[in-house]
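Look at Swiss-Prot and you will find Cys37-Cys72 tagged as disulfide bond. Residues or ranges marked as domain 'ITAM' by Swiss-Prot on the basis of sequence analysis: 138-166. Among the features that Swiss-Prot reports, N-linked glycosylation site is placed at Asn38. What Swiss-Prot records for Tyr149, Tyr160 is phosphotyrosine, and it gives similarity to another entry as the kind of evidence. The annotation signal peptide is assigned in Swiss-Prot to 1-21 on the grounds of sequence analysis. According to Swiss-Prot, the topological domain 'Extracellular' annotation covers 22-104. The annotation topological domain 'Cytoplasmic' is assigned in Swiss-Prot to 126-171. Taken from Swiss-Prot, the feature transmembrane segment applies to 105-125, supported by sequence analysis.
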Amino acid sequence: MEHSRFLSGLILAAFLSRVSPYEVEMEELEDKVFVSCNTSIIWLQGTEGELLSDKKIDLGKRILDPRGLYKCNAPKEQDSNSKIFLQVYYRMCQNCVELDSATLAGIIVTDIIATLLLALGVYCFAGHEMGRFSRAADTQDLLRNDQLYQPLRDRNDGQYSRLGENWARNK
């Protein structure tokens, strides 16, 4: 995970961008995270970790997202009130997939193949007629060329012609 090392280095560089007598170092060995200071390091809050020496603390496995607030005391030749606070926020992506060019090309090729197979399946099932229809069903004259509307079939409309007899019609 090159990105996680880069991200943790970037976080440390942001905190330690000014010149200071402190030397804070963050290490990743195998799957563990270590923070060391050139002076004594003290846990304040968050992941307590295991104190390996007065200057180095083991924060545990990086997959468990160690985070916390730590303090480096001043070197003996410096002012004893001078302290540096170090905030560690370690975040690992456990369900991520690295997307490089080969993976992306594989996804695109698989998508094209699946689309072609789907088109072939639709063509095979819908492209061929199962039976031949009669010639009369193929051509049907609905209206003659000179006719605008189709004539109504024979019907008894006597009941409808009596509905509005008493109403005045506007013509």
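Heads up, the Cβ atoms here are built off N, Cα and C, so glycines get one too.
Structure coloured by features recorded in Swiss-Prot.
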residue: Cys37; record: disulfide bond; DSSP class: strand
residue: Cys72; record: disulfide bond; DSSP class: strand
residue: Tyr149; record: phosphotyrosine; DSSP class: coil
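All protein chains included, Asn38 (N-linked glycosylation site) registers 13 other Cβ atoms within 10 Å of its own Cβ. Taking CA atoms as the reference points, Cys37 (disulfide bond) and Tyr149 (phosphotyrosine) are 95 Å apart. Here the Cα atom of Tyr149 (phosphotyrosine) is found 95 Å from that of Cys72 (disulfide bond). The number of other Cβ atoms within 10 Å of the Cβ belonging to Cys37 (disulfide bond), over all protein chains shown, comes to 22. All chains included, 24 other C-beta atoms sit within 10 angstroms of the C-beta of Cys72 (disulfide bond). If you measure from the Cα atom of Cys72 (disulfide bond) to that of Asn38 (N-linked glycosylation site), you get 8 Å.
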